[in-house]
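> So that we are looking at the same thing, I have put the structure below in structure tokens.
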Amino acid sequence: MTEQTASFLDYVRRNNPNEPEFLQAVHEVAETILPYIEVNPKYQDKMLLERMVEPERTIIFRVPWVDDKGKIQVNRGIRVEFNSAIGPYKGGLRFHPTVNLSILKFLGFEQTFKNSLTTLPLGGGKGGSDFDPKGKSDNEVMRFCQSFMNELYRHIGESTDIPAGDIGIGFREIGYMFGQYKKLRNEFTGILTGKGLSYGGSLIRPESTGYGLVYFVRSMLAIQDETLKGKTISISGSGNVAQYACEKATEFGAKVVTMSDSSGYIYDRDGIDVDKLAFIMELKNVKRGRISEYAETYKSATFHEGRPWSVKADIALPSATQNELNEEEAKLLVRNNVIVVAEGANMPCTPEAIEVFQKARVLFGPGKAANAGGVATSGLEMSQNALKLSWDREKIDGKLVTIMEDIHQSCVTYGKQEDGFVDYVKGANIAGFVKVADAMLSQGVV
Ligand SMILES: NC(=O)C1=CN([C@@H]2O[C@H](COP(=O)(O)OP(=O)(O)OC[C@H]3O[C@@H](n4cnc5c(N)ncnc54)[C@H](O)[C@@H]3O)[C@@H](O)[C@H]2O)C=CC1
Ligand SMILES: O=C(O)CCC(=O)C(=O)O
């Protein structure tokens, strides 16, 4: 680490004590952006990164609700409105017991760069609550979502801040929050994305993060004259991103052999085909059961505790949560000759793991580039809502493919090293930074 980076991180640490995830995300960006600023005079002495690490606004609020036994429960709601230089704040909401300010700030900071990469006019934001939907009845989830929106509605709007889903939030939760917003405001506007198709949602939005991830991997492989056909893939998670990454990778001729949840992972030596994926979708999205039930159903599969990174695979797609792939696990993947690692989740690889991949010349796609297809399609949902019409699947999927290929090209433009190796971390950070920085410079010190 350079002296300049160390002193910048000291400054961020002092201003944001006890926020390890946020510091981790800032560290990764600072290491590539500070040297870039140093050789680009137009960005110097403007305190750009110092301004970018400070959210424009953070809203923290009480979310009281009544459970099925009539007992009052209290959770904390947070919305971090990080950066609106290039568009209204945009980013998901996470409902998970681990949610805190550090996690939402890391996600909001990353989102700003990611949204810039999409080429769409989207600023960065993130929010959520420490509420755990797991084990709650449908009515409890509805009452929680309504109470959450009773405060959030004051701060969002179709041109101000447009939240969406993330971990723990799907169609059900978005529907309840949309309904409450409409009741409070007496207006029908696209203030959330990821909506149901019957009330303004977009085709392909559920699929888009996973599909986009696989389109990005296809581009990474293409510059090595490789394709997905016949490759073995290890995926973690079994939620929205993991499911559709599995679907698209299988369609492209790859064999997905693992999926996981917080209890462990399944290894299916024959691969998770279309029918088996349908079983997982029903298990996770409807029955809300554990992944171990897969191994009880399919003879070709076994269930294991822990994470799937000891399984031999050509491609690894961590798609569950932050810091779920560490240095030791990265070494295992490298020993097993992995050729591509691309992040479906946000910051799933620790900094030490990323270093292992880059030293071993494994192609590493960071989340802010590789999983940007979800928010990009949210941007397309916003466009359709504004135009008051719906585009067909082919049109949206075609736009998603183009966006992911463009993001890949931006990473190559800014990240290609002299020996031809592409440092996608550097490429994504610089490409994301340039657009936001230019907009901030144009708009003055605000
Ligand atoms: N849904 C979206 O459009 C986007 C999601 N992401 C990121 O992708 C990741 C997954 O999100 P979704 O699939 O939407 O959420 P989800 O709620 O549908 O699925 C989350 C998955 O992660 C697993 N998980 C959660 N905590 C875990 C832990 N501690 N250990 C192991 N597994 C754990 C869950 O069991 C589940 O399979 C998150 O990092 C999210 O921020 C990134 C871009 C867009
Ligand atoms: O679609 C969105 O606005 C949010 C997507 C998201 O949360 C993410 O990219 O991490």
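Just so you know, glycine gets a Cβ as well, placed from its N, Cα and C.
Not measured: the values here are computed from a predicted model.
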> Considering the substrate binding residues Lys90, Gln111, Lys114, Gly165 given in TrEMBL, which of Ser310, Ser319, Ser378, Ser383 is annotated for that site as well?
Ser378
> What does DSSP say about Asp166 (site 'Important for catalysis'): helix, strand or coil?
coil
> Far apart in sequence but close in space: which same-chain residues, 6 or more away, have a Cβ under 8 Å from Lys114 (substrate binding site)?
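Residues satisfying the criterion: Gly124, Gly367, Lys368, Ala369, Asn371, Ala372, Val375, Gly432.
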> Calculate the distance in Å between the alpha carbons (Cα) of Lys90 (substrate binding site) and Thr209 (NAD(+) binding site), and round it to a whole number.
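Cα to Cα, Lys90 (substrate binding site) and Thr209 (NAD(+) binding site) are separated by 15 Å.
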> Measuring Cα to Cα, how many Å separate Ser378 (substrate binding site) from Thr209 (NAD(+) binding site)?
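Between the Cα atoms of Ser378 (substrate binding site) and Thr209 (NAD(+) binding site), the distance comes to 10 Å.
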